[in-house]
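**Q** Annotations per TrEMBL:
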- 10-194: domain 'Thiamine phosphate synthase/TenI' (DOMAIN)
- Gln40, Phe41, Arg42, Glu43, Lys44, Asn74, Ser113, Lys142: 4-amino-2-methyl-5-(diphosphooxymethyl)pyrimidine binding site (BINDING)
- Asp75, Asp94: Mg(2+) binding site (BINDING)
Amino acid sequence: MPIKPQDLRLYLVMGSQDCPHHDPAEVLRAAIAGGITMFQFREKHSVLNLSETVQLGKTLRSLCRSHRIPFLVNDRVDLAMILEADGVHLGQDDLPVPEVRRILPPSSLVGVSARNIAEAKQAMQEGADYLGVGPMFATTSKPDARKPIGPSALAEIRQAIGTFPIVGIGGITCQNGAAVFQAGADGIAVISAITRADSPELSARQLREL
Ligand code: TZP
Ligand code: MG
């Protein structure tokens, strides 16, 4: 089943490392109440061991399932299979899309990170369902993030690839998110704007209004 571009509108990316103030399941529950449209489980540089990761993944997976929110896993195709995820999100250094497609169920969604037109076109040719383009702005959630490319780079990618689904990511907030939509994104992906907010629900609601 192809992705519905409206599912990208407000995409929460999160792992336990992103939730210093609240329990991750509570953050996800609040974010769903606030109107997120898609979720990615991204356990990175976390203190959880693998069995704790699976346990947390199952909890988050079941919350998404009961609210019909697509649940994707970052990088880890094995974890995606264990959790019966709706798909995976792959970076440029992760497994190649065609190989991943061979082992995931046929209807799985595969997202790919792209920073420029060449990476975007390659991901499309290899069969990605959507592109994550960024970092839009400076981010503190990804220690190894490259230099921000800004909404103008997303606009150039949009120009080059037509209507293919794109979500912008990196440093997006209520204040700067509108610029990402204006550049042609179908949606915005955020970590800290929701996970580190005093009220993740209110923050999700405000981001949805963009
Ligand atoms: N990929 C590019 S930037 C980023 C990821 C996972 C981090 C986004 O986090 P935040 O807190 O929304 O800047
Ligand atoms: Mg990755």
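Glycine too: its Cβ is placed from the backbone N, Cα and C atoms.
Unlike curated entries, TrEMBL annotations are predicted automatically.
Mind running through what each feature is packed against?
**A** Per-residue pLDDT, averaged across the domain 'Thiamine phosphate synthase/TenI' (10-194), gives 97.
The secondary structure of Ser113 (4-amino-2-methyl-5-(diphosphooxymethyl)pyrimidine binding site), as reduced to three states from DSSP, is extended strand.
The Cβ of Asp75 (Mg(2+) binding site) has 17 neighbouring Cβ atoms from other residues within 10 Å, across all protein chains displayed. According to DSSP, Asp75 (Mg(2+) binding site) is assigned to coil rather than to any helix or strand.
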**Q** Using a 10 Å radius around each Cβ and counting other Cβ atoms from all shown chains, which of the binding-site residues Gln40, Asn74, Ser113 yields the largest count?
**A** Gln40
**Q** How big is the 4-amino-2-methyl-5-(diphosphooxymethyl)pyrimidine site in terms of the longest C-alpha to C-alpha distance among Gln40, Phe41, Arg42, Glu43, Lys44, Asn74, Ser113, Lys142, in angstrom?
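**A** Max span of the 4-amino-2-methyl-5-(diphosphooxymethyl)pyrimidine binding residues, Cα based, is 17 Å.
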